[in-house]
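One structure below.
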Amino acid sequence: MHKSLVLLLAVYSSVAVAVTNNVYICNNKKSKSQVFSAVDTRFCACVKNTQTGFIKGVNDDDIKLISSSDCTGSYQKLGPNSEAKNTQWVNSFSYGKSAVAAQPSQMVQGIPAVNPVNQPWIWPLPQNWERGSNTVRVSKSIRFEGKGARQPIVVKAIKRYQDLIFKKEDYPMIPYNWSTTDNKPSRSSLSTVVIDIKSTGDHLDMDTDESYTLTVPVSGKAVLQAETIYGALHGLETLSQLVQYYQERRSFYIPNAPWKISDFPKYKHRGILLDTSRHYYAVQDIEKIIDTLSWNKLNVFHWHMLDSTSFPYVSKKYPELAAKGAYTPRHVYTARDITNIVQYAKERGVRVIPEMEAPGHSTAWGYGIPEIASCLNTQPYFGYTIQPPAGQLNIAHPKTKEVIYSLIDEWAELFSDSFFHAAGDEVIMKCWAEDPYITNHLQQTNQTLIQLFENFVLDMEDHVRQKNKTVMVWQEMLLEYNFTLPKDTVIQVWIGSEGVKEVTEKGYRTIVSAQNFWYLDLGFGRPRSNPYPEVQGAGFNHWNRVYSYDMRANLTTAESDLILGAEATMWGELADPNNVEDRLWPRAAAFAERLWSGYENPKGEALVSADAILRLLPWREHLVLRGVRAGPLNQGFCTRNPLDCFQPLNPNK
């Protein structure tokens, strides 16, 4: 008799398998062969569809036929002639080949993982939540019903979430701590969610109601209620995060039922700025980022499409701008691309706000229409621009206004949102002061350069307002150039957190993007291609710094009320589609919670990073499961056992 241990298995890849003495092989036509231990209920799942399974020992004599029609039968032991019960089986197998007994291996249990689940694993944290101690199984054929479930945008969302809800990881880095809930699931299962939406419209703007309530009982139907479809979208996301995969039972459950959640955002404007000029992002790359924005309940995609480096927009009236200003004919955005992105975002509750970078940072405009540019490609560029290449719009030439007004008209139709960013940042006066066309114009009109600049930008902003848009600008317009801006102008603060106080005390509404906290592109060195060693990089804003920043600091109540929200920024010098997700996530998720959940819960209790990290760690893992290349927050051991790692730096003090 052949005494060597040979297993013939067909597995789809080379894997490492650790098994105990009683090992069985499930083999049928509908399932790939696998190895199971005698206590592994996956064996049933493997053979239930074919009614039969085989257990094979060392010898052909040891083959046994198992009936498994209802998955309640016991496992069959190997025949007495087999030596399997005293032999440890091989630990590696290759596709289509025999695997011969090699080194013994032990069952891998894994490093313990403990997360106390002090707060719900919901990101961002809901405003109001109550939970119980029961565990409810979730049916994989869960249905969504009610009038709200039939609205077109919700119908599409349900289809997405029927997939997202049931994503699983067999061996997660952070398994759910089932000891925090009743370990005996209720006999009933959640099979129906009723969606009730009061409004039938799909208008999306800053003042759109995004609130929702979600109740999940121990038995019966879950109910999701919202004023608008966009609140319902947030409710679906929260529901998806309540569902956890129970590895030992091979099923999906909602722990700690019943749930009662009443939720709404603290701030109306919650966004990410993405620079697609310095590095180009294909439409599908942008859409993937928008998906992740929606999962984090962010609702603004600030599209910085144009800059000195490239002009990728294909204008209907001035196609030569992209023809000569884009990197290549492939690196462009057509009107159809924009329309599709705006609609894609809307279906996920995300507004798209365009930024027309002008009159600074506009070198690329001059490649297509040279007469509208000043100091175009001046070398050396030092003193003429913040970063290469040099070039700004010629603010004295009549053609410049003609072109920019036409582009505003085109964008006003393509971008449906009521906000329109008119930029106005980082202009270099030397560029204009040395332009003969501009100096002659100043002499003829008897005005100063700063007066010409102010008139240009105010006329540009007025043209935006004529399109029924709210004007956004960068802070320099108010705090550096001291222009007299209409009070309906929204000022975006970026240079430092102190600018929030300066803007709001002047009575202007603001969007906060303080670079010392919420610039996510910083910390990777300066974007210089030359080898000068004295060039230094700015500091890295790690997740806790992002989370800990309170933009209300030193503000009065009246000044705080002028904060519409905030945007974290991803400028494009050192980010492109290959690394942008790692740069954004999960730090942008930390930012998102501050904008949605705020700084205190409704009881006035502070939301602190020590609690947040216990939820951010599993949320990062969940983002990865959804296909996001989110960066790690710590080493693997600390990811699994955060309380063992997060200790005082000086425990003796």
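Every residue, even glycine, has its Cβ placed from backbone N, Cα and C.
Residues annotated as signal peptide in TrEMBL: 1-18.
Taken from TrEMBL, the feature domain 'Beta-hexosaminidase eukaryotic type N-terminal' applies to 122-242.
Positions annotated as domain 'Glycoside hydrolase family 20 catalytic' by TrEMBL: 267-598.
According to TrEMBL, the feature active site, proton donor maps to Glu426. Using a 10 Å radius centred on the Cβ of Glu426 (active site, proton donor) and all shown protein chains, the other Cβ atoms total 16.
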Secondary structure content, the domain 'Beta-hexosaminidase eukaryotic type N-terminal' (122-242) (per DSSP, counts of residues): 34 helix, 37 strand, 50 coil
Average pLDDT across the domain 'Beta-hexosaminidase eukaryotic type N-terminal' (122-242), rounded to a whole number: 95
